Amino acid sequence: MEKPSTLLVHFDKGSAAMAGEIKADLEGSDVAAKVDAMKRAVMLLLNGETLPTLFITVVRYVLPSEDHTIQKLLLLYLEIIDKRDAAGRGLPEMILICQNLRNNLHHPNEYIRGVTLRFLCRLSEPEVLEPLVPSILENLDHRHHFIRRHALSAISSIYRLPHGDQLVPDAPELVERALASEQDASARRNAFLMLCTCAQERAVAYLLSNADRVAEWPDLLQMAAVDLIRKVCRSPNRADKGRYIKIIIALLSSPSTAVVYECAGALVSLSSAPTAVRAAANTYCELLSSQSDNNVKLIVLDRLNELRTSHRDVMVDVVMDVLRALASPNLDVKRKVLDLVLDLLTARNVEEVVLYLKKEVVKTQAGELEKSGEYRQMLVQAIHACAVEYPEVAGSVVHLLMDFLGDTNVAAAVDVVLFVREIIETNPKLRVSMIQRLIDTFYQIRASRVCSCALWILGEYSLSLSEVENAISTIKQCLGDVPFYTVSEEGEATDSAKPAQPVVNSVTVSSRRPVVLADGTYATQSAATEAISTPSVAPGSLSSTLNLRSLILSGDFFLAAVISCTLTKLVLRLEEVQPSMVEVNKACTGALLVMTSILQLGQSSYLPHPIDNDSYDRIVLCVRLLCNTGDDVRKVWLQSCRQSFAKMLAEKQFRETEEMKAKAQISHAQPDDLIDFYHLKSRRGMSQLELEDEVQDDLKAATGGFTKDAYDANRLNRILQLTGFSDPVYAEAYVTVHHYDIVLDVTIINRTKETLQNLCLELATMGDLKLVDRPQNYTLAPESSKQIRANIKVSSTETGVIFGNIVYETSNVMERSVVVLNDIHIDIMDYISPATCADVTFRNMWAEFEWENKVAVNTVIQNEKEFLDHIIKSTNMKCLTPPSALDGECGFLAANLYAKSVFGEDALVNISIEKQFDGKLSGYIRIRSKTQGIALSLGDKITLKQKGGS
């Protein structure tokens, strides 16, 4: 088929036989058969068939029919048939339908008139339309609004044709007159849109003359008015912008939520005045609370986030209104609300925000909400962020959050214990109460990771005599009686805490597999140490207070090593604060008994798997230390660990501060840019809003708010040459990548002395790319150029390729000439941007994502840090590993990189490299993602770039 088909429908019968049957049915008198025949004819035409002999039959036997269904199908048939010949001239037989269309325009039935007028909106042949214009104009005064509505649409369509102003020269005057007297909402909208498109001055005059009554207009007309205001105010330095802003503010009280939403967006685009921005923000907040559709809430939150980036000072005042959207049951909405609120925190509103979040935490505790565990985790993270930025609010929430250390949602419990660890270091005033609360609630903790962190806190921050003694006592209570098992006379191993209950069957078998540590390296540990859920043990083996014992009996020797280290620290601390050496020796003996019992359990056949070497060495070190303590070792154990943690927090705060400074120092305007001083302007007759708007415009000009950076000199560095200089047609393109589409601006130059006819840029794609526009033919004069724009839709981050040809004809050559274009490769770097996430989130995603691309390191670079910097620059990713962890020369480096795509996809990269004896680097770069495309594309990019190429 030569022409592109809009619809493909399979027919079992041949088209020739089908055409004969259609013709026979149309010539008959059976109305039902005619309807069926017309439907089949329309399907065949849409399927690419021509049916050239059918037109006369339709004119003779279908045009006179009075049946409404047949008339509707007839108009559809007339719309899709070819009305022009190969040379582009109108077919003479089209005149045959003019009389029928004129009769329909005077038909007594309103439906026939209306559908005929609607059909004329889709005609573009002046030969057919010209004799019908008087009849169309007569329908402007018809009593029925259905006919007037479509008559206005028909006039608008005709006037927009290339020579439409000659067919209906007085159309704007007629439509304006009709608009003044029209009462139907749809008809008024059609008339107003016609004026907006074809006679904008008349539309503006009508809008301004009815400015006081715009709020009473129907919502369809109000939407059209908002669109007109947007279009009119795009021109710079409009003196009457204040009048349009008043209209927009009046429309904010419209009962239509669609109008209100559009008005809020228009108001922000028209004015930077605080009053206008505040009105828009309040409108968005009202929509956020009144709309039940989650998609609407997400869209409104996006608009509020855009306001935050440019008008943060105004948005701070509506933070509590935004928080009310947490009432939505949707977690995505809650997450966006919390992210937005955290960016709007100030010393003035942080207490109110934390109080609200505290109430939400209590709701999750009461079980009132769905997915309360996930929601509680989000709330804990939000409160953590508030307390880090404003430490004075930590005291009001930390004790409430510590009740969730034993939460069944392990992720939420981990967030709580990390929050406690940071607050107890940064807020020394809360240390005493937090240690006491942790000791009181320690028995509730069921997750191994939470226990490990809580034990570290007890070991580092229990300073007074009572705190140290209580901490040791609590740990021993949670461990139960030692040794952990006894061997009976029959040789059967039993739990010493449950002498009558055999527990061999109650032990959870722990599988061993590699896990990802915080620095991105791999390590082997038992699955029980991950504590994804509460350990599964037999009934009777898990007591409410023996949480540590249960975890150790499940094979968690990593936790056992942490317990040993904590007891060692507490005994060393007790030596400093306890004057009685008898008590010190008693505590030391108890700690040694616990450690030796753990070693005995780990080396016995009681558990399916023995203790791992790392844990064994760690516990043995603790035993030796308690038996022979030196001052240097004591200093390392009691001071260095806490100092390292404090240093880590300080570095984290420093990095965040430096990032904020870097963002604040970006220059948006040049020193010699023009600034207008509003004090020198006349203020006579200006409202308060107009005065504010003038001030804000001047400030934006001074700070670069109006600067456009999308089109600059850097575009010249990205021009792609598509053909050679010796080709008769030279072509080059600039590729602009937007979020979901690619725009190709192609410049074509005719380098010959001949006119190129039917020149067509034919493009094709490979990958997840799709052409939006159909190719068009152009005529190119000798040595002239043509700009052609092609739009390509993108659906994923997979690497795509655009290829094609330029086809043209000349008068000297009968055949078409073809110039093959160079391929255009779409770079994944255009779709991903650096992002940041917590270490816990990174590890969870790493474990969850199934697609991994493993790239071997092959580079001429010999410095580990230099190679890492090169990969970061080449992949446009963010390094999550702190700089302090990368300092020094140890011959080994491990780092995590992270980025997000415009489609919301996560890209995770782990680099593990070491320096060989010959100075070369070896190792692997692992890429993980949820989809295959981004993993493969990023791997190809790294393979190409890692050798140090550009």
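Counting begins at 1 with the first residue displayed.
Using the three backbone atoms N, Cα and C, a Cβ is placed for every residue, glycine included.
Remember, predicted model here, so these are calculated numbers, not experimental data.
What Swiss-Prot says about this protein:
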type   : residues : note
REPEAT : 92-126   : repeat 'HEAT 1'
REPEAT : 127-164  : repeat 'HEAT 2'
REPEAT : 275-312  : repeat 'HEAT 3'
REPEAT : 313-350  : repeat 'HEAT 4'
REPEAT : 392-429  : repeat 'HEAT 5'
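Remark: secondary structure over the repeat 'HEAT 5' (392-429) totals 31 helix, 0 strand, 7 coil, with classes taken from DSSP.
Residue counts for the repeat 'HEAT 2' (127-164) under DSSP, helix first, then strand, then coil, are 31 helix, 0 strand, 7 coil. Away from its own ends, the repeat 'HEAT 5' (392-429) comes close to residues 350-351, 354-355, 357-358, 361-362, 365, 373-374, 376-377, 380-381, 383-384, 386, 435, 437-438, 441-442, 444-447, 449-450, 453-454, 456-457, 461, 531-534, 642, 645-646, 649, 840, 844 of its chain (Cβ-Cβ under 8 Å, at least six residues beyond either end). In the predicted structure, the repeat 'HEAT 1' (92-126) carries a mean pLDDT of 86. As a summary of secondary structure, the repeat 'HEAT 4' (313-350) carries 28 helix, 0 strand, 10 coil according to DSSP.
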